[in-house]
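Positions annotated as ATP binding site by Swiss-Prot: G55, R56, S57, G58, A59, G60, K61, S62. Annotated domain 'ABC transporter' per Swiss-Prot: 23-258, in sequence order, evidence recorded as sequence analysis.
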Amino acid sequence: MNSLVSTTAIEAQSQAAASEEVVRLTDVKRRFGTTAALDGISLTVKRGEILGIIGRSGAGKSTLIRCLNGLERADSGEILIEGRDITGLSEQELQPLRRRIGMIFQHFNLLSAKTVEENVALPLKIEGLAKSERLKRAHELLELVGLADKAKAYPASLSGGQKQRVGIARALAARPALLLSDEATSALDPETTRSILALLKDINRKLGLTILLITHEMEVVRGIADRVAVIDAGRIVEEGQVWSVFANPQAEITGSLLCGIRPQLPEHIAGRLSAAAGSEAILSVDLAGPQAQGALFAELSAALPHSFRLVHGGIDHIQNQPVARFFIAVPARDPALAGKVEQFLTARSARVEVLGYDTDHA
């Protein structure tokens, strides 16, 4: 009896967990000739979550998003959308499932001969909904995206940001469970990008909408995502909470993608670093959480007086978590000093790397 109860409880927990997953990919593979576009992708997206998938051009992002909406067929693996595996479905069977998936693109794909409200209502017209119901839904969505006064306008009169808002409204027309965003802000200027990201975050909060973002811009992930997955050569090489990945990138590609938005060693110092011991060892120090607030260096100074000087760095806040990166110089007069400093910092959860020696510092 106890065994039966235990088994039933486990099954119930498993079903409950599955119901919270809008997307689950397991070992998904897709090849084009000899090229592995997707090479064993596994990830989940929970209901109401915003997941950012980031990678360089050619990493497999576009193939992944096409597999998610059934436009591309995976060679193997499972792709579950709300618990249903779509990999074996016929084109006819895919149609109702696609209505559960909205999509926005880099290019807005609006019909120039249709008004804004007609563009938004188009998916509902295809479904056969009555005109009055279509327009009612279109007006609700235009209110949501801040374009209620543009219902009768034509796309040619809209700015790029306004066109993308129409695209978002159209993607939400059929009340999808999942919104896919394929580089939706890459053609927009920085200010418009921020406004579109704020809109998506607001929609996520108001509707509980699950969003999967494909992008090559870390700023987009930083501004909106709950979690991030880094894709490279068709594989997920790193995944985690955005603040954690930003604070402590594990994969080389992640560090490279972060270069533009994390503090970097000034070029005039980086250019003269040497592997040979010089007058100062240059260390990078990455911190997250309470230690990132700066007290750690006061502790280091007290424990090891005159052991370092601060060269460069800064503190940021991501998902309400302080994240910091600093560069310090440690005198090489005592060969063991850099090791002592590194040991002190790593014992307090800092990520430390000796970058080289500044031989020109007096």
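For all residues, glycine too, the Cβ spot is worked out from N, Cα and C.
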Sparsest-packed of the listed binding-site residues (G58, G60) - C-beta count within 10 angstroms: G58
The one of S57, S62 whose CB sees the fewest other CB atoms within 10 Å, among these binding-site residues: S57
Largest tally of Cβ atoms lying within 10 Å of a Cβ, found at which of the binding-site residues R56, K61: K61
Count of other CB atoms lying within 10 Å of the CB belonging to A59 (ATP binding site): 22
Number of other Cβ atoms within 10 Å of the Cβ of G55 (ATP binding site) across all protein chains: 24
Whole-number mean of pLDDT values that fall within the domain 'ABC transporter' (23-258): 93
Shell of the ATP site beyond G55, R56, S57, G58, A59, G60, K61, S62, same chain only (C-beta within 8 angstroms of their C-beta centre): H216, I231, D232
Collapsed DSSP category at G58 (ATP binding site): coil
